[in-house]
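> Here it is, the structure, as structure tokens.
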Amino acid sequence: MRSDSALPFPTLQVVLPLPLPQWFDYLPPADHSPGADDIGKRVQVPFGSREMTGVVAGIGQTTGDGPELRQALGLLDAAPLLHGELLASLRWLARYTHAPLGEVLGTALPTLLRQGEPMPDTHAWAWRLTALGVEGRERLRQGTRPRRFAELLHEGTREIESRPPRDEDSLDAHMDDWRSAARALSKRGLAERVAVPASTLAPSPQSGPELHAEQQAAVDAILAARGFAPLLLDGVTGSGKTEVYLHAIADCLRRGKQALVLVPEIGLTPQTLARFRQRLGVPVLALHSGLNDNERARGWTAFARGEARVAVGTRSAVFTPLPDAGLIIVDEEHDGSYKQQDGMRYHARDFALVRGKALDVPVILGSATPSLESLHNALGGRYAHLRLGQRAGDAKPPSVRVQDVRKRPLEAGLSAETTAAISSALQAGGQVLVFKNRRGYAPVLMCHDCGWSAQCKRCGTPTKSSPMTVHGAGRRLQCHHCGARQAVPPACPDCGGLALQPQGIGTERIEERLREKFTDVPVLRIDRSTTQRRDALAGHLEKLGDRPGILIGTQILAKGHDLPHLTLVVVVGVDEGLFSADFRAGEKLAQQLIQVAGRAGRAQKPGEVWLQTHHPDHPLLNTLINGGYHAFAHSELEQRQAAGFPPFAHLALLRAEAKHVDAANAFLHAAKSALTAAFPSPAERGAQNIEIQGPIPAPMSRRAGMHRMQLLLSSPSRRELHALLDSALPVIYELREARKTRWSLDVDPLDLY
Ligand code: ADP
Ligand code: ZN
Ligand code: ZN
């Protein structure tokens, strides 16, 4: 009936969580007249033969002359789920990453909300004693968990009506594993779980140490910042950056505002959360990949409703709605886990800055080893540079000793001197961390008779296949790129010989050796193979307690953990990292070394770091050890400038992978033509500041059987680079060659692999 009217009438422009750039037009549901206040609401629509949940991104119009439009089935929200600053920032992110808006919104929303579920209840849970419990509590056996739990609930209260229930967050902070006691009491009718509005929980902060002068200056600078201000908190490990955050957050809470803290993937430990909760005295929402869909949706909603005040979360927590924003903190801002490497490739630190600007609040970037990007901005005066040069309290910086291991006999990678140092550290009652950035038993399995080595059939560089890593005490082979696994063959597949030998050193092999050598202390290996679950690491560390013992680990141990009894850190060879082709390899290695060394001597006991290397004269090691991170960073920045790499140039990487290398190649050639054709005009072409390299094989040119090619765009002008992408991408999406390959665009790629 509408289609015979010549007057235009409004449609809903819908984006769907798909990697498609289009917006889809739908007729509004019956009895609904669309308006601007529908933008940001979720909408159920027919799509092909199925139903999907999308988001209204705009209001269009049609006269009914065009193709027949389908009708939306219904709007799911009375008020927009996405609106204001968050929606505007996400639109910006879609433009910046050149990702479809539907995909960006789909990434930003918690799964349940993306799928169309209603916003969940957001009350907090709390516990209190029942009347029966108040009466019966003293009959519970002294010293047992149920008794301790009952006393905790009873503390300082008389009348049952006036007794505020204890929220679960604060219980976490006061008693380990209170849940089993709670269950036991509730079964007997002595305690009950009650829902309380999250916002009614009163803060009861605990005080921390008195700030030292540098910390105080940093806090003053942060509190003085009104409105948006990027601040780089550049403080050596153990200098008390977290204390600075806590003061800044406490101030934000006093002003009735919300604070968002981002931490790296494996930095969000129960230890960190407990510290935040105790000190701030309010519930602190943890947002990380270990949550189930319900918990995620609840956290997001509690923030959207302004009920929750503080969130500590990993990468995707940057999408948390902040209607009462006061402060954003990015801890360990240099960490690579802030960059999402698939789907919508965004950088949470960079997006945090964009949001901070839009929200007009300060953004603190903290690190002992700032990324060269952030340091460059601080040195150029674009960020305030707050420095903490001293360790807090009585802790002293660790002393570093470089050990030249050329021509020395090594056992499982360890020199005799290193083993002796471990032994004396243990005897003095300390703990030891042995760092080796290679999981598994050995990086290569080789035949001593003919030189054959085990390789992954599906992965490799342009010149050779990737070696399979030896695991399981030498019994299993595994490819760290595609996950392929197989048993170690009984004999050499080439010559039939029996001389198959693991070559090189992985953490498992070091563990085996140290267990043989040090039989009377715990030897714990911590890496991605042993620590699938987040809590597992905390569990391991707890097992160790304050006894002497040895931890062996990969970079998982280099991050954020406070290990007060650690007196010796041994770095077993970093030589692989010294000669990598990746332009960021030096930066990553320097950060890793400083961070892992920074685990030593964080409390009263002084710390020592032993660095074993075959390249004691390598300039990177020299600069780093004699001059520290900043000396290294300055020289690295000079090299980046000379070579035209970030932060002096801006990169975008177009990747393509396909079963047949020709398909990937053909797509990138066509894309390159589209890019070249999109240069404004022949006359201006000479003035273009954009370089296009490729197509060339990716450094990891085969992975999981797919051929991988790439096209690298670089320009000193971010604006010009983006303008070019803006005009060429619509063409690239439509390329015939695009259908035969999987392609993606990575703006500001972290690495070129
Ligand atoms: P960072 O985050 O810079 O590595 P933390 O904030 O975790 O450092 O502080 C390191 C250690 O020093 C912690 O145990 C902390 O409690 C302690 N600390 C921090 N500030 C002070 C201070 N002003 N006085 C005494 N101890 C402090
Ligand atoms: Zn052989
Ligand atoms: Zn593989």
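Cβ atoms are placed via backbone N, Cα and C, with glycine included.
TrEMBL labels come from automatic prediction, so no person has curated them.
As the structure is a computational prediction, the values presented were derived from the model and not from experiment.
Found this in TrEMBL, in case it helps:
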type: DOMAIN; residues: 222-388; note: domain 'Helicase ATP-binding'
type: BINDING; residues: Cys447, Cys450, Cys492, Cys495; note: Zn(2+) 1 binding site
type: BINDING; residues: Cys456, Cys459, Cys479, Cys482; note: Zn(2+) 2 binding site
> Taking the Cα atoms as reference points, how far is Cys479 (Zn(2+) 2 binding site) from Cys492 (Zn(2+) 1 binding site) in Å?
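That separation, Cα to Cα, works out to 18 Å.
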> Quick one: of the binding-site residues Cys450, Cys459, Cys479, Cys492, Cys495, flag those whose CB is under 6 Å from ligand 3, and say none if nothing qualifies.
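Passing the 6 Å Cβ check against ligand 3: Cys459, Cys479.
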> Out of the binding-site residues Cys450, Cys492, Cys495, give me the one sitting nearest to Cys482 (Zn(2+) 2 binding site) by CA distance.
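When the Cα distances are compared, Cys492 comes out closest.
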> Could you list, ordered by sequence, which of these binding-site residues: Cys450, Cys456, Cys459, Cys479, Cys492, Cys495, have a Cβ under 6 Å from ligand 2?
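Correct list: Cys450, Cys492, Cys495.
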> What does the structure give for the C-alpha distance between Cys447 (Zn(2+) 1 binding site) and Cys456 (Zn(2+) 2 binding site)? Integer Å is fine.
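Given the Cα positions, Cys447 (Zn(2+) 1 binding site) is 16 Å from Cys456 (Zn(2+) 2 binding site).
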> So what sits near Cys456 (Zn(2+) 2 binding site) in its own chain, CB-to-CB under 8 Å and at least six residues off in sequence?
Ser465, Ser466, Pro467, Met468, Cys479, His481, Cys482, Ala484
> If you take the centroid of the Cβ atoms of Cys456, Cys459, Cys479, Cys482, the listed Zn(2+) 2 site, which other residues of that chain have their Cβ within 8 Å of it?
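So the additional residues around the site are Lys457, Arg458, Gly460, Ser466, Met468, His480, His481, Gly483, Ala484, Arg703, Ala704.
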> How far is it from Cys459 (Zn(2+) 2 binding site) to Cys495 (Zn(2+) 1 binding site), counting Cα to Cα, in Å?
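Rounded to the nearest whole number, the Cα-Cα distance is 23 Å.
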> Starting from the Cβ centroid of Cys447, Cys450, Cys492, Cys495, which together make up the recorded Zn(2+) 1 site, report each further residue of the same chain whose Cβ lies within 8 Å of that point, ordered by sequence.
His448, Asp449, Gly451, Trp452, Pro493, Asp494, Gly496, Gly497, Ala499, Leu500
> How would DSSP class Cys495 (Zn(2+) 1 binding site) in three states?
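Note: Cys495 (Zn(2+) 1 binding site) is coil by DSSP, not helix or strand.
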> Far apart in sequence but close in space: which same-chain residues, 6 or more away, have a Cβ under 8 Å from Cys495 (Zn(2+) 1 binding site)?
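Spatial neighbours, sequence-distant, of Cys495 (Zn(2+) 1 binding site): Cys447, Asp449, Cys450, Trp452.
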> In the three-state scheme derived from DSSP, which category covers Cys456 (Zn(2+) 2 binding site)?
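For Cys456 (Zn(2+) 2 binding site) - judged by DSSP and reduced to three states - the answer is strand.
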> Go through Cys447, Cys450, Cys482, our binding-site residues, and report the one whose Cβ sees the most other Cβ atoms within 10 Å.
Cys447
> Long-range neighbours only, meaning 6 or more apart in sequence with Cβ under 8 Å: which ones does Cys492 (Zn(2+) 1 binding site) have?
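Correct list: Cys447, Asp449, Cys450, Trp452, Leu498, Ala499, Leu500.
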> Give the three-state DSSP assignment (helix, strand or coil) for Cys447 (Zn(2+) 1 binding site).
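For Cys447 (Zn(2+) 1 binding site) - judged by DSSP and reduced to three states - the answer is strand.
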> Which number gives the other C-beta atoms within 10 angstroms of the C-beta of Cys479 (Zn(2+) 2 binding site), all protein chains shown included?
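22, counting other Cβ atoms within 10 Å of Cys479 (Zn(2+) 2 binding site).
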